[in-house]
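*Asks:* According to Swiss-Prot, the protein has these features:
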BINDING   Ser49, Pro271, Tyr272, Leu273  L-tryptophan binding site
BINDING   Gly306, Thr307, Tyr421, Arg441, Gly455, Ala456, Gly457  chorismate binding site
BINDING   Glu333, Glu470  Mg(2+) binding site
Amino acid sequence: MISKQEYQAQAAQGYNRIPLVQELLADLDTPLSLYLKLANRPYTYLLESVVGGERFGRYSFIGLPCSHYLKAGGKHVDVYQNGEIVEQYDGNPLPFIEAFHNRFKTPEIPSLPRFTGGLVGYFGYETVYNFEHFAHRLKNTAKANPLGTPDILLMLSQELAVIDNLSGKIHLIVYADPSQPDSYERARERLEDIRTQLRQSCAIPLSLGSKQTQAVSEFGEEPFKACVDKIKDYIFAGDCMQVVPSQRMSMEFTDNPLALYRALRTLNPSPYLFYYDFGDFHIVGSSPEILVRRERDDVIVRPIAGTRLRGKTPAEDLANEQDLLSDAKEIAEHVMLIDLGRNDVGRISKTGEVKVTDKMVIEKYSHVMHIVSNVEGCLKEGVTNMDILAATFPAGTLSGAPKVRAMEIIEEIEPEKRGIYGGAVGVWGFNNDMDLAIAIRTAVIKNNTLFIQSGAGVVADSDPTSEWQETQNKARAVVRAAQMVQEGLDK
């Protein structure tokens, strides 16, 4: 931990949020038990990662209760402090959010991962209406919003625990505001309070089973198939090459949302595992796909397109993999999305600095396997994170190509707002690095109802029944996780 003299020196350099860090051994705890001890209340989060579908990433992140957060809907933003609105803004929320983020000047913490605090939450799909290059084409009709969630919700994470799964250590981080009296001493006291919480045992919320329910499509199979046929008409007319329609399912779910996270991380470990408690609703997800990642001046997108179910035996698994890589439709769709990714990254990267570093490799998850590619670029001077978001949002894998025309068609055929689905969840650090996953394989739990939405990429030779089945396959992991909870994880 830095001394008071070092703290004062950093304040003199113009930093208005200074981290105090304490390192402890926590090898007898898991990220879940630490979340239960330190967080487990509204406006907290747990973020984990599984690399290559097989091993947990080195770091896990637990956000302690956030006193400040932003909610945006349409052209309005509310800033909350301890549950009360303390600031409001009318207009495009994106410049305001960037300016809000930039209010905080912090020194970097050596020897820790790139994320050590900042904005954490989501940008829902309807964020698209705030980008000028989309706004003049999209109608933004007043669609039903049955989930009732904000378009954007971001928490200001100033107290967090970073777990090093390799060393078994935990880094407790508390940011102090040097403009406040006795801020250094109060931050040290807060760290001691957190240490006290760590020493206490936590009540384990056992999952003993509940009423078993089924997921029901709110769109319906036949209406969805009719939309696939309509999209194919647009494709044959030359309007577009691909569109990704989606359908939402819902099921009664009265269990603890954290139990769903437990089941999902076991059943479908993915590069982005996340649990957000937003008070009146929860987001629980296991996304395989980056929307965009910024690390200093590098930017990365990682399109995923092409899906097969996992085999029941190694031989069947290999056969499904070979079948996927030899499927001309799947390959054509994937190549189109690589090109779209190159175009998106190219808009914000230096000339000649865009490259495909992985091309059409297979990544395997619990229920499905995907074709995956990696597109990287070196950012132009002066590119902001909102410029990056504007260039890459929404993902081509959730909209289609050409992107704007595909989004117009989605706007026409889908009866309700997408909400969080198809948007982005993740972190935007104080250091300006950003890591956002696409909000897929993601459940929203609100008012004892679980919502899960999934889509399918429709091209010229798509079969409506197959595309409907693809939406079922993509939702299967979350639905099965919910059913595991209802059967009882701890019986």
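Including glycine, each Cβ sits where the backbone N, Cα and C put it.
So where do these features actually land, and what's packed around them?
*Replies:* For Tyr272 (L-tryptophan binding site), other Cβ atoms within 10 Å of its Cβ number 26.
The Cβ of Tyr421 (chorismate binding site) lies under 8 Å from the Cβ of Tyr125, Ser246, Arg248, Ala439, Ile440, Thr442, Gln453, each of which sits 6+ residues away along the same chain.
When other Cβ atoms within 10 Å of the Cβ of Glu470 (Mg(2+) binding site) are tallied across all protein chains shown, the result is 19.
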*Asks:* Please name which of the binding-site residues listed here, Gly306, Glu333, Arg441, is nearest in space to Pro271 (L-tryptophan binding site), Cα against Cα.
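*Replies:* Out of the listed candidates, the nearest Cα belongs to Arg441.
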*Asks:* What is the Cβ neighbour count of Gly306 (chorismate binding site) at a 10 Å cut-off, with all protein chains included?
*Replies:* 22
*Asks:* Around Gly455 (chorismate binding site), how many other CB atoms lie within 10 A of its CB?
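*Replies:* A 10 Å sphere around the Cβ of Gly455 (chorismate binding site) contains 25 other Cβ atoms.
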*Asks:* Relative to the Cα of Thr307 (chorismate binding site), which of the binding-site residues Ser49, Tyr272, Leu273, Glu333, Glu470 have a Cα no more than 10 Å away?
*Replies:* Glu470
*Asks:* Which of these binding-site residues has the least crowded Cβ, counting other Cβ atoms within 10 Å: Pro271, Gly457?
*Replies:* Pro271
